Amino acid sequence: MNNLLQGVNVYLIGMMGVGKTTVGRLLAQELGYGFVDTDDVIVKAAGKSINEIFDQNGEGVFRQLESDVLGQVCAFTKLTIATGGGIVQRQENWSYLHHGLIVWLDVPVEILLQRLAEDTTRPLLKDNDPLGKLRSLLETRTPFYSQADLHITITAEETPEQTTAKIIAAIPSVLKSHEWKVTGDS
Ligand SMILES: Nc1ncnc2c1ncn2[C@@H]1O[C@H](COP(=O)(O)OP(=O)(O)OP(=O)(O)O)[C@@H](O)[C@H]1O
Ligand SMILES: O=C(O)C1=C[C@@H](O)[C@@H](O)[C@H](O)C1
Ligand SMILES: [Mg+2]
């Protein structure tokens, strides 16, 4: 698989809680790739949590940091990159994402809510109606997520390991048709 990808980066996109960070780590191991999480890089660079950035600086500042980080990581190869859920909403980010293979992880919002029920680290979920908020974010973002090269739907019972295996099995189907033409043969 690593040979097939020839170092092309893999970007995981999708809603908060779909498992981009969890699956991204596993996928990187399987591919023999490095792993980068744009949220983690932002937190380390800013020296504060995502909640603190949203509260003290505003979402706009977070989104600019996100674009800056993405612009920097896309200069590297052999990376699996877990992105933030809202990265797809800025047009300029797509010019970076399209350097690599883009995988949309898609989980029903009811499952996302269960997974994140006890989690207070997602500022956009601090809402009186978190399920409604997830639905509305998904509606806004679906046209963007749909631009991914691969759409991986994940069921409630599926483990991160199974999702990782599904992605690896699906990658060859997109490589030959993609502009990197990494396979070289017919
Ligand atoms: N397949 C799975 N089954 C059950 N729980 C999962 C699965 N994948 C991830 N989780 C759990 O769901 C939560 C969110 O996962 P994770 O942080 O990987 O999502 P994310 O897509 O990176 O979210 P964000 O966009 O907010 O960074 C974590 O507690 C994780 O352990
Ligand atoms: O869906 C979103 O907009 C977000 C998802 C997380 O990954 C973080 O990037 C942040 O909490 C915002
Ligand atoms: Mg994450």
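Backbone N, Cα and C define each Cβ position, glycine as well.
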Per TrEMBL, member of Arg90, Arg122, Arg135 binding ATP alongside Gly17, Val18, Gly19, Lys20, Thr21, Thr22: Arg122
Of Asp39, Asp40, residue recorded by TrEMBL at the substrate site of Arg63, Gly85, Arg141: Asp39
Additional residues around ATP, ordered along the sequence, whose Cβ is within 8 Å of the centroid of Gly17, Val18, Gly19, Lys20, Thr21, Thr22, Arg122: Gly14, Met15, Met16, Val23, Ala82, Gly85, Leu105, Arg115
Distance, Gly85 (substrate binding site) to Arg122 (ATP binding site) (CA atoms, angstrom): 10
Candidates Lys20, Arg63, Arg122, Arg141: member of the binding-site residues with the richest Cβ shell (10 Å): Lys20
Rounded Cα separation (Å) that holds between Gly19 (ATP binding site) and Gly85 (substrate binding site): 10
Neighbours of Thr21 (ATP binding site) among the binding-site residues Asp39, Arg63, Arg141 (Cα to Cα, within 10 Å): Asp39
